[in-house]
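A.B. asks: Supplied in structure tokens, the structure appears directly below.
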Amino acid sequence: LLCKNELNDTLNNLCHWMKDEHVDKNLVTQLDSAFIRKDPYGVVLIIAPWNYPIHLFLVPLIGAIAAGNCVIVKPSETSKNTERLVAEMLSCYLDSDCFAVVTAGVEETTRLLENKFDYIFFTGSPRVGRIIMTAAAKHLTPVTLELGGKNPCYVSDTCDVQNVARRVAWGRFFNAGQTCIAPDYVLCSVEMQEKLMPALREAITEFFGSNPRESPDFGRIVGDKQFRRIRALLCSGRVAIGGQTDEKERYIAPTVLADVLPSDPAMQEEIFGPILPIVVVANMDEAIDFINARPRPLAIYAFSCDSKVVKQVLERTSSGGFCGNDTLMHLTLTSLPFGGIGNSGLGKYHGKFTFDTFTHHRGCLHRNMGLEALNALRYPPYSQQKLGLLTATFEIKRKGTCTLL
Amino acid sequence: MERMQQVVGRARAAFNSGRCRSLEFRMQQLKALERMVQEKEKEILAAIKADLHKCGHNAYSHEILGVLGELALAMDKLPSWAAPQPVKKNLLTMRDEAYICPEPLGVVLIIGAWNYPFVLVMQPLVGAIAAGNAVVVKPSEISENTARLVADLLPQYLDRDLYPVVTGGVPETTALLTQRFDHILYTGNSTVGKIVMAAAAKHLTPVTLELGGKSPCYIDTDCDLAVACRRITWGKYMNCGQTCIAPDYILCDPSIQSKVVENIKVTLQEFYGEDVKSSPDYERIINKHHFKRILGLLEGQKIAHGGESDEASCFIAPTILTDVSAESKVMEEEIFGPVLPIVTVKSVDEAIEFINRREKPLALYVFSNNKKLIKRVISETSSGGFTGNDVIMHFFLSTLPFGGVGNSGMGAYHGKHSFETFSHRRACLIKDLKMEGTNKLRYPPGSQKKVDWAKFFLLKRFNKTRIGLIALALLGIVAAVVIKVS
């Protein structure tokens with residue numbers, strides 16, 4: 001659905017996005033044509049991850065094609081079935097010279113990166129993001145890195161507990177927690193933790209029934225390595241809800257951990273699984289300090305009936321994006337830029353931002369051959385008079401909103 | 001290394017204190033910067049003259065005027081640039097607040113270059129301060145007088161912890177680059193650009209690289225040669241050719257080559273008189289290393305004009321080379337000196353092909369009376385920026401983004417583009433904690449009915465008029481109620 005939205009948005013607006021953007025002129029260029037030309041970069045590489053294997057290659061691909069580039073798509077080798085499907089399917093619908101799919105593991109991807117691309121779009125972990133950017137530096141290739149981190153979710157004492165529980169549980173357990181903007185952990189007071197627990201239990205039952213293992217709506221962990229990694233995080237705080245696992249099925253039950261400490265395993269890395277730790281803080285200020293002491297995340301969530309609390313958390317923290325009183329939803333608005341900051345990434349996309357990401361904005365000035373007399377002020381030989389005239393022009397201009405010269 | 005850690009650490013602590021976030025504080029710093037430029041004009045012009053032998057007029061118009069303009073623009077527009085921008089919402093978020101909030105990135109590093117030593121640190125600095133960041137300024141050590149001046153002046157006018165100046169050469173810059181910054185803007189050459197980006201990659205730091213290349217200048221047979229040559233002469237020989245967007249070489253039909261040379265000669269006479277060396281308006285090469293490098297490019301070339309030099313004063317006369325071969329040394333690297341090669345091409349097609357076979361340049365110039373031809377060159381080539389029927393001028397229009405592409409760089413700045421380069425555009429969605437009914441659509445357990453309703457709401461298939469929107473909203477509420485009941 002989200003892909004269709006992006007396609008429709010792009011198809012509806014492409015003519016408008018592609019047009020030369022005429023800009024305001026200053027005094028000297030009044031009679032000229034000044035515009036920003038939208039040029040494609042050339043050959044673009046899109047490296048997609050395994051958690052939303054179609055969406056996360058298709059949405060950037062839409063923007064790259066819209067911007068006029070040729071594209072090489074490298075789907076994740078971890079989501080093998082989708083990888084195969086993309087490789088077979090794309091050539092049936094798109095020009096096979098302009099748009100190619102490369103299936104590759106780590107070694108081959110490293111070799112792929114030795115080639116020169118005109119833009120690289122990568123979605124994945126910060127660790128690999130660094131490797132990608134280092135490889136891009138060798139060719140001065142600009143990059144967009146959509147990475148991750150631990151997305152904090154602050155729940156204030158004044159809130160509708162059941163609604164909060166539902167929205168947080170939905171965001172956390174969607175795709176079995178394997179979502180870059182999933183609420184990674186909750187920060188709240190000890191009283192709120194008490195209230196949240198039964199509410200979360202109720203929400204989980206509402207969504208997945210009394211045995212989530214049998215629910216067709218609850219996912220599994222993508223691979224054995226990831227399963228084992230997430231399972232090891234369970235020894236943090238105490239298991240208040242869930243905690244069951246099955247290695248054969250790579251099933252981890254929707255789990256909530258209470259009284260988690262900042263030093264616990266679940267707080268050392270991005271969880272990327274169906275485990276929700278709750279870390280107790282005394283108040284909002286402590287929550288904000290906790291968040292600011294850590295690398296900037298891809299998303300921050302704050303829940304409160306008091307809009308001032310939500311605004312405070314927003315103003316006193318920094319993150320890729322922010323959603324008040326809900327989780328994940330800022331992703332569905334294509335008019336909002338989607339991207340990280342610091343460790344959680346650089347660059348942004350969705351909607352027009354994808355088009356702009358894959359476009360070189362070229363400043364163009366088309367001047368008149370005539371009216372040469374107007375240029376006289378800039379040519380040598382220079383005299384005190386010329387400088388005086390120049391300064392005088394500048395003085396007059398300062399009072400208005402035009403820029404100088 | 002430790003010194004760098006301390007300087008950057010102090011800047012970061014100062015940033016974290018939050019004092020540079022308020023608009024009042026930023027305006028105050030920008031005003032102080034403006035006062036500095038106005039009060040210390042003489043000292044600034046003297047430093048630039050000492051570094052580049054640049055006359056007052058040039059130094060003022062190339063460097064000071066530009067900075068004052070950026071400052072005036074930033075102070076005028078800051079409230080509107082920094083304000084949250086509401087965005088278009090969809091049906092599901094109709095009752096919510098959705099906007100983009102521009103926020104500072106944190107601690108920014110600006111590495112300047114020696115050719116326009118003042119404006120190339122100051123112009124980015126204005127944007128970085130306006131965006132609310134702490135800024136570490138590292139002027140080029142090669143333009144040592146200006147570097148020293150900047151290091152002296154900035155602490156006298158600006159907050160000392162937030163905007164420190166670091167001086168030094170390669171070892172100091174290398175140490176500085178091991179620290180973590182939240183954005184790095186580097187002006188210089190591609191080789192060092194790669195080093196800067198690789199260092200930035202370790203910390204996932206976004207970069208803006210203002211690099212260079214060979215900016216081609218195509219002269220069509222259908223054009224006013226006198227005017228074209230005058231404009232080219234101005235742009236090529238200003239600052240003794242040491243301008244990143246100088247027209248590096250000329251492409252033209254062999255039939256007009258000699259006329260081009262004649263016209264440029266006449267203009268040179270007009271500009272600098274009989275004896276260029278004694279003209280106060282002609283600059284010098286920055287140092288002996290570049291002096292020798294540029295002279296080396298003349299080997300084996302047909303010198304149609306100029307060629308004189310004087311090592312003691314790093315003087316190289318305005319020089320024109322004709323019938324230059326594409327494979328010669330002077331066509332391999334960016335000249336960055338007062339040497340203008342002319343390469344002949346038989347048509348605009350050949351010119352376009354020639355340009356496209358090479359790295360994408362920082363600037364591209366075309367002179368022609370034929371508007372269609374100019375449009376064609378723009379469409380069939382790529383470059384950082386472009387000016388038709390003149391040179392350099394796109395740099396002075398701050399509404400145009402100034403930057404390179406491919407080997408000539410990445411990112412852009414000037415005017416509002418500086419503010420955006422140094423800001424994080426944070427997506428913000430503030431929903432209501434109530435109205436849970438409409439959320440039911442998305443919660444498990446899934447059902448075909450839910451998918452159908454979701455399609456109905458989310459797919460932007462048609463242009464919704466206002467009345468249509470209200471009708472849809474009502475339908476939406478009805479649907480939510482229906483699903484809740486069922």
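Glycine too: its Cβ is placed from the backbone N, Cα and C atoms.
Note: TrEMBL annotation is automatic and uncurated.
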A.B. asks: Please identify the range among B:23-50, B:135-162, B:191-218 that TrEMBL labels coiled coil.
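C.D. replies: Of the candidate stretches, TrEMBL labels B:23-50 as coiled coil.
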A.B. asks: Helix, strand or coil by DSSP: which one applies to B:Glu210 (active site)?
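C.D. replies: Its secondary structure by DSSP: strand.
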A.B. asks: Measuring Cα to Cα, how far is B:Glu210 (active site) from B:Cys244 (active site) in Å?
C.D. replies: 9
A.B. asks: So what's near the coiled coil (B:23-50) in sequence-distant terms, Cβ-Cβ under 8 Å and 6+ beyond its ends?
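C.D. replies: Same-chain contacts beyond the ends: 56, 59-60, 63-64, 67-68, 71-72, 74-75, 78-79, 82, 117-118, 122, 125-126, 129-130, 132, 143, 145-146, 148-149, 153-154, 156-159, 162-163.
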